[in-house]
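Beneath this line is the structure, given in structure tokens, with notes to follow.
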Amino acid sequence: MAVTMYYEDDVEVSALAGKQIAVIGYGSQGHAHAQNLRDSGHNVIIGVRHGKSFDKAKEDGFETFEVGEAVAKADVIMVLAPDELQQSIYEEDIKPNLKAGSALGFAHGFNIHFGYIKVPEDVDVFMVAPKAPGHLVRRTYTEGFGTPALFVSHQNASGHAREIAMDWAKGIGCARVGIIETTFKEETEEDLFGEQAVLCGGLTALVEAGFETLTEAGYAGELAYFEVLHEMKLIVDLMYEGGFTKMRQSISNTAEFGDYVTGPRIITDAVKKNMKLVLADIQSGKFAQDFVDDFKAGRPKLTAYREAAKNLEIEKIGAELRKAMPFTQSGDDDAFKIYQ
């Protein structure tokens, strides 16, 4: 299905002009949205609970308030707290202070789509979801371009929710390179599937299985690390720049031949069948409920998963090897640590 890409010239109405904007949260996405909007000439305040993020927002020159106070002052509110915290923040701080006729935005559809947050009918609901982490949203903006984004007009009480979403995307720099209109359902389900089946869950499981196959056959762990993890970036960068075509043009004929004949032996019809089961769990809300239940119970499952992952042999070997490869550290992780 073809989609339309919109750009700055397509944003005909300055829907944010003269509006008081409140960004809720000052983490990875929060600092980027707030700073980019301010640099685009908009009036931005920060709503965040007292702590490091509160202090950092003030240090960066923003008027900073507790969440409820910021919401009460604002015409347009963007919720950029972590998914698992949004429901309680909404119920305790946002909902009691939300004015009729205001607009409430999100950068991911999790809580709206799965029904954990229900917004009054007299409030606009929109989404702008940059397809990049916050430090890249900020950095690319300062460099004069931006990152692509998805946008949604979900609840159009004022008749201007779509214009607000598009103007927000323009204000943070995303409309410079292109924005695509979608729905909360599509963004949420596709995003979760991509993370789980390919980008995070699928990829780490594939790398770990490859590492174990080599080491169990007697090959050195250090060499296995280079073959299945370290060189991953080289291949992904080529695909990022020019798709499968550029990657295959850049590798040896031996590697390309092996790609064609062996890839389907690894990613079989059975794997695709499992992917469909993963998608079904996402669509039904099962994954969302499992995630929320674990959070409310104090994260026992997530904590156990993290501990097990930390003790993987590939992680221990990789940590030692990277000490001798400072070039693997881009510096972007420092920005992430600051704005968590």
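Yeah, the Cβs are placed from backbone N, Cα and C, and that goes for glycine too.
It should be emphasised that the depicted structure is a prediction, and the values quoted were computed from it without experimental measurement.
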Residue among Gly109, Gly115, Gly134, Gly144 sharing the NADP(+) site, where Swiss-Prot lists Tyr26, Gly27, Ser28, Gln29, Arg49, Ser53, Asp83, Glu84, Leu85, Gln86 as binders: Gly134
Pairwise Cα distance for Glu231 (Mg(2+) 2 binding site)/Ser28 (NADP(+) binding site) [Å, integer]: 27
Of Tyr26, Arg49, Leu85, Gly134, Glu195, Glu227, i.e. the binding-site residues, those within 10 Å of His108 (active site) when Cα atoms are compared: none
Candidate binding-site residues Arg49, Asp83, Leu85, Gly134, Glu227, pick with smallest Cα gap to Glu195 (Mg(2+) 1 binding site): Asp83
Separation of alpha carbons, Glu227 (Mg(2+) 2 binding site) and Asp83 (NADP(+) binding site) (Å): 35
Greatest C-beta neighbour count within 10 angstroms, which of the recorded positions Arg49, His108: His108
